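**Student:** Mind having a look at this structure? Questions to follow.
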Amino acid sequence: MAANWRPSTGRREMGRVVVVGSLNDDLVLRTPALPGAGETIRASEGLRTSGGKGGNQAIAARRYGADTCFVGAVGGDPISRRMQNDLAREGVDISALAVIAGAQPGTAVVTVDSLGENHIVISPGANDLVDGPFVQARLDALAPSTADVVVTGFEIPISGSMTALSRGRRAGSELILNPSPVEGFAREILQLQPIVVCNRHEATQIAGIVDAEHAARHLASLTDRDVIITLGGEGTLAILDGETHRFAASKVAVVDTTGAGDVFCGTFAAARARGYDMTCSIVSASEAASLSVTRRGAR
């Protein structure tokens, strides 16, 4: 691993956010409490909407003012067209979003309890087609630069995520890895030295360490880069240049935490693409995530 590698930091222009990730059709069910094993309960509300970590991050980045491109795949059905249109309506560049005839759209079932906490199960569908060769071809066309920020995660095949970071690294772009869901994690991806942005659960699972700060420090030692851990209402923990920093969360009335981490990640990426330093970028991301939990839905 080239431990002294760093992306360009002397940006004289605003860059793009390039999100390589997933789009899902979300079925959101609101319940007083989550069911136990073998238990059937009635939802108080049901809603279908566009989601997926990649799509959510791209929209958050665009809303923060960054030019944003999305790399991913959908089917040719009406649900997939709705997901495409939702991105385009927000001003996201979807020229690298492939429409695959016969492919099923990604799907997520989201249950939200009375405290706003959520549990999510996903079926990848067309997202499973976003592999290494797919990503390579589309990033070659988009031609990321030193001013750009490349963001990816694990709702697509690991080969796609690895290629996204490898191609971004060759271009000198800043790299952000949101390692979710953790079951897709492969340790070798950390050798590409991305900034890791994840929640407490993901950090402790990946590091195998229960304490969030110790887990963050372990991840920073593996990447030789900054690590950012979101802690919900407890704020944000960051290891920046080897030093621990804590950022308080805004006090808000929580309605729905679905997508809050995606809003944080997308806003953080946008702030970096606009040339903001790490502290300003984290504060901006935290404020956006706090606002997002005061309303329903991932976007």
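Using the three backbone atoms N, Cα and C, a Cβ is placed for every residue, glycine included.
TrEMBL: automatically predicted annotations, no manual curation.
For reference, TrEMBL lists these features for the protein:
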| type | residues | note |
| --- | --- | --- |
| DOMAIN | 15-298 | domain 'Carbohydrate kinase PfkB' |
| BINDING | ASN24, ASP25, ASP26, GLY52, LYS53, GLY54, GLY55, ASN56, GLU155, ASP262 | substrate binding site |
| BINDING | ASN199, THR230, LEU231, GLY232, GLY233, GLU234, GLY235, GLY261, ASP262 | ATP binding site |
| BINDING | ASP256, THR258, SER292, ARG295, GLY297 | K(+) binding site |
| ACT_SITE | ASP262 | active site, proton acceptor |
**Student:** Would you identify which of the binding-site residues LYS53, ARG295 has the most other C-beta atoms lying within 10 angstroms of its C-beta?
**Tutor:** LYS53
**Student:** In whole Å, how far is GLY297 (K(+) binding site) from LYS53 (substrate binding site) when you measure between their Cα atoms?
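**Tutor:** Approximately 13 Å lies between the Cα of LYS53 (substrate binding site) and that of GLY297 (K(+) binding site).
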**Student:** Taking each of the binding-site residues ASN24, ASN199, THR258, SER292 in turn and counting other Cβ atoms within 10 Å of its Cβ, which one has the fewest?
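**Tutor:** Relative to the other binding-site residues in ASN24, ASN199, THR258, SER292, ASN199 has the fewest Cβ atoms within 10 Å.
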**Student:** Taking only the Cα atoms, work out how far THR258 (K(+) binding site) lies from GLY233 (ATP binding site), in Å, as a whole number.
**Tutor:** 14
**Student:** When you tally the Cβ atoms that lie within 10 Å of each candidate's Cβ, which of the binding-site residues (GLY55, GLY297) has the highest tally?
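**Tutor:** Output for this query is GLY55.
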**Student:** Just the number: how many Å between the Cα atoms of SER292 (K(+) binding site) and GLU155 (substrate binding site)?
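**Tutor:** Here the two Cα atoms are 21 Å apart.
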**Student:** Hey, for the substrate site built from ASN24, ASP25, ASP26, GLY52, LYS53, GLY54, GLY55, ASN56, GLU155, ASP262, who else sits with CB inside 8 A of the CB center?
**Tutor:** GLY21, SER22, LEU23, SER50, GLY51, GLY106, ALA108, ALA298
**Student:** ASP262 (ATP binding site): which of the binding-site residues ASN24, ASP26, GLY55, ASP256, GLY297 have a C-alpha within 10 angstroms of it?
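**Tutor:** The binding-site residues close to ASP262 (ATP binding site) (Cα within 10 Å), listed in sequence order, are GLY55.
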**Student:** Comparing the binding-site residues ASP256, ASP262, which residue's C-beta has the most other C-beta atoms within 10 angstroms in this structure?
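**Tutor:** Highest number of other Cβ atoms within 10 Å: ASP262.
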**Student:** DSSP secondary structure for ARG295 (K(+) binding site), reduced to helix/strand/coil, please.
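**Tutor:** DSSP call for ARG295 (K(+) binding site): coil, neither helix nor strand.
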**Student:** Should ASN199 (ATP binding site) be counted as helix, strand, or coil on the basis of DSSP?
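**Tutor:** Its secondary structure by DSSP: strand.
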